[in-house]
Amino acid sequence: MEQRLDNTPIKASKTCSYVETINSTIRFFLYLLVVIIPLAISPSSLNQALSLKYLLFKLVTAVVICVYLTMIVLRGAKIRVSGLELPLAIFLIFMGIATMLSANIHTSIEGSYIRYDGFLSYLICAALFFAATQSFFISGQVETIVKLSIATATIVSVYGVAQSQGCDPIPWGVMMFEKTRSFSTFGNPVILSGYLSLMFPLAIALLKKSKSSVDKLLYSVAVTAIALCLVTTMSRAAWMGGIIGLVLVVAGLAQKKRFNIRMAAAPTVISIVVISLASMAIGLPTVAHKATSTFGFSGSVDSRLLMWGTALKMIPQRPLFGFGPDVLDLVFPRYEIPGLLKYNGSAAIDNVHNAFLQLALTAGIPALIAFIVILVVVFIKALREIKRSQSVSPITVGLVAGIIAFLAQSLTGVTGIATSGFLWLNMGLLASIWAEPKIELKPVTGFAKYPLLSSIIVVGIIGVVLSIRPFISENALGQAWLATQHGDSRAAESFYKKAIVYNPQDDKAYSGFGIMLAYEGYALKNMRLWSEGMNYLKGSTQLSSHNRENYTLLGLGYLYGGKVFDERNFRYAVTSLEKAAELGPNNYTTRDLLGMAYLEAGRMEEAKHNLLMALRINPNDPQTHYHMGRYYEKAGHKEDALCEYIAAVMIDKNYKDAKTAYERLIKRGND
């Protein structure tokens, strides 16, 4: 007889075969989700992994929702209540309000590029939680999805470990992280670590549950591979999550038994094997240095502390609804603590590396409280089930330990739909243990069901189309950036136009295309091209009026126009760059360009002030040194100008403008 996760027998269901078929279909798509999404990559594009995973989350969720609604219309349903419905509804309400009050509503709905942590992502997470709670009834079903998850995580881990050793058969379009770190199919070692933290305790649980020698061998390989990949991510958050997950699984399985050495034997052996393999793979000194640096106050540790300090300063500014989901990069620069500039001179921070602070910042304190209540209820009910059952289910313990391990690593890591989706799915699997059918929905009878079914189909198709369009747009945008880097402006133009057609609200496509055209117009002295580019740049500021980069690029475009077409454009450049500096006062690029705009407009003192500020933020930028030399030359300070030109050339030996300016001044002195 089948059993629930709490090991209590469950009687054969008397539900009609049609309803069971629908639930089986939903489970099939959730099985598919845990296999295809972690493995999905698009290596030829700039955004190699996350946008495709986001698309698949949207598509699978849309199908699951449509299937479930169809079942309700045709046969009705018994809604299983887990006790989490009220806090989840409150959480989503506050997220929705935060979205409507956001600095950029479009971004807060869809999520920002390469993060995808907007309101839509939270709706997907809630839908996955609900689907898991409603469609998983017996322990065998949950065990199946867990086994599929671990099989997939093992493949992901083996690939990640191979990457860290320089063995990567996939030709990536852009390498965003060091080749010595595992990022596997997630394109980011920190995001990968979140996924593996969730899976590692489940792999240990399956190892503990296995009976045959073959199963024990297979799950030992899985546990070792996942643990080794956690190490080769070189993420301290991953290591912390892995250790916490290991300890919790061992402690959880010992609940009904007296602790003995055999319980710790397998984890101990695996730990020794992993440490030995890691020592051979990346070197024990490297691992030891990374681990001990956790207790120092420099580098990434110091930068995180400064981020958290800035976050704590920002939260009281908008405590109820935050600044809006996934728009932190638009508002963070205005509050940034100066000490952080040495780690991030561009001030383009979109995540504070703490999921709880991030939630308070973007959605407000009430949303954070609602989320914490959800977690507390999950853990209380799960522990109650563990204590109530005669024997502890390793799967239940693995789910609880995985969720806690994920949350632990998220205290210093980053989250997003690529990992949060699996977190909420696992919470739904856990909630299915105690969820009970309490709300009965009757099927729709008569003619009314046909327009309802038609509406479900139409809305589903619209949802799929709306899901695919941003994906096509972002891939085109990534290809446009790559084409620009390779100097292929015609291909870039085609990709930019495609990105705009498929997502007219994407200000990044407008600004990227605009500055490319403006520069071409400047270089070719073609006013038509320059004017077209300026129209796109103006459009980007209208689409996202809080985006510092858009105003910076608009100002740069006016600088181009002032140099070759009309000097009055310098005044427009000043206005645009002043707005950019207001939005990001500590961005050295903005300060550098603003200094140049003031210089061209004849406002010498303001030019000097901004150029010096840019150099304080980033003393190693050759362009700013060159511009400082331009200022000194115009002010009649020849020696100071020569020093700045020399500094620019020393930083970048191929900086032709600085070399030419230096040689010109030297020749003038000799004359």
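Every residue gets a Cβ built from N, Cα and C, even glycine.
The feature domain 'O-antigen ligase-related' is assigned by TrEMBL to 223-372. Within the model, the domain 'O-antigen ligase-related' (223-372) shows a mean pLDDT value of 77, rounded to a whole number.
Feature annotation from TrEMBL assigns repeat 'TPR' to 588-621. Long-range neighbours of the repeat 'TPR' (588-621) within the same chain, counting only residues 6 or more positions beyond its ends whose Cβ lies under 8 Å from a Cβ of the stretch, are 341, 345-346, 548, 552, 555-556, 558-559, 562-563, 567, 570-571, 573-574, 577-578, 580-581, 627-628, 630-631, 634-635, 651.
Per TrEMBL, transmembrane segment is recorded for 21-42 (among others). Sequence-distant contacts of the transmembrane segment (21-42) (same chain, at least 6 residues past either end, Cβ-Cβ under 8 Å): 48-49, 51-53, 56-57, 60, 63-64, 67-68, 70-71, 75, 128, 131-132, 134-137, 141, 144-145, 148-149, 151-153, 155-156, 170, 185-187, 195, 418, 421-422, 425, 475.
The transmembrane segment annotation in TrEMBL covers 54-74 (among others).
Annotation source TrEMBL lists transmembrane segment at 86-107 (among others).
For the transmembrane segment (119-138), the residues of the chain that approach it from at least six positions outside its boundaries are 2-4, 10, 13, 23, 26-27, 30, 33, 54, 57-58, 61, 64-65, 68, 77, 79-80, 82, 84, 88, 91-92, 95-96, 98-99, 108-111, 145, 325, 416-417, 420-421, 423-425, 427-429, 431-432, 435, judged by C-beta separation under 8 angstroms. The transmembrane segment annotation in TrEMBL covers 119-138 (among others).
Sequence-distant contacts of the transmembrane segment (182-205), counting only residues of its own chain at least 6 positions beyond either end whose CB sits under 8 Å from a CB of the stretch, comprise 38-41, 47-50, 53, 146, 149-150, 153-154, 156-157, 159-161, 163-164, 176, 219, 222-223, 226-227, 229-230, 232-235, 237-238, 241-242, 245-246, 248-249, 266-267, 394-395, 397-399, 401-403, 405-406, 408-410, 413-416, 418-419, 422-423, 426. Taken from TrEMBL, the feature transmembrane segment covers 182-205 (among others).
Listed as Cβ neighbours of the transmembrane segment (239-254) (distance under 8 Å, sequence separation of 6 or more from its ends, same chain) are residues 193-194, 196-197, 200-201, 204-205, 208, 227, 230-231, 263-264, 267, 271, 291, 386, 392, 394, 397-398, 400-402, 404-406, 408-409, 412. Here TrEMBL flags 239-254 (among others) as transmembrane segment.
Taken from TrEMBL, the feature transmembrane segment covers 266-288 (among others).
Residues 83-84, 87-88, 90-91, 94-95, 98, 117, 308, 311-312, 314-315, 318-328, 400, 403-404, 407, 410-411, 413, 415, 427, 430-431 of the same chain lie 6+ residues outside the transmembrane segment (355-380) yet bring a C-beta within less than 8 angstroms of a C-beta in it. The transmembrane segment feature in TrEMBL is assigned to 355-380 (among others).
According to TrEMBL, the feature transmembrane segment maps to 392-411 (among others).
Within the chain, the transmembrane segment (417-435) has long-range Cβ neighbours (under 8 A, six or more residues past its boundaries) at 4-6, 30, 33-34, 37, 49-50, 53-54, 57, 80-84, 111, 116-117, 121, 124-126, 128-134, 136-137, 142, 145-146, 149, 186, 191, 194-195, 198, 374, 378, 381-382, 384-385, 396, 399-400, 402-403, 406. The annotation transmembrane segment is assigned in TrEMBL to 417-435 (among others).
Within the same chain, residues 55, 58-59, 62-63, 65-66, 69-70, 73-74 sit at least 6 positions outside the transmembrane segment (447-468) and bring their C-beta atoms closer than 8 Å to a C-beta of that stretch. The transmembrane segment annotation in TrEMBL covers 447-468 (among others).
The residues of the repeat 'TPR' (588-621), classed with DSSP into helix (H, G, I), strand (E, B) and coil, number 27 helix, 0 strand, 7 coil.
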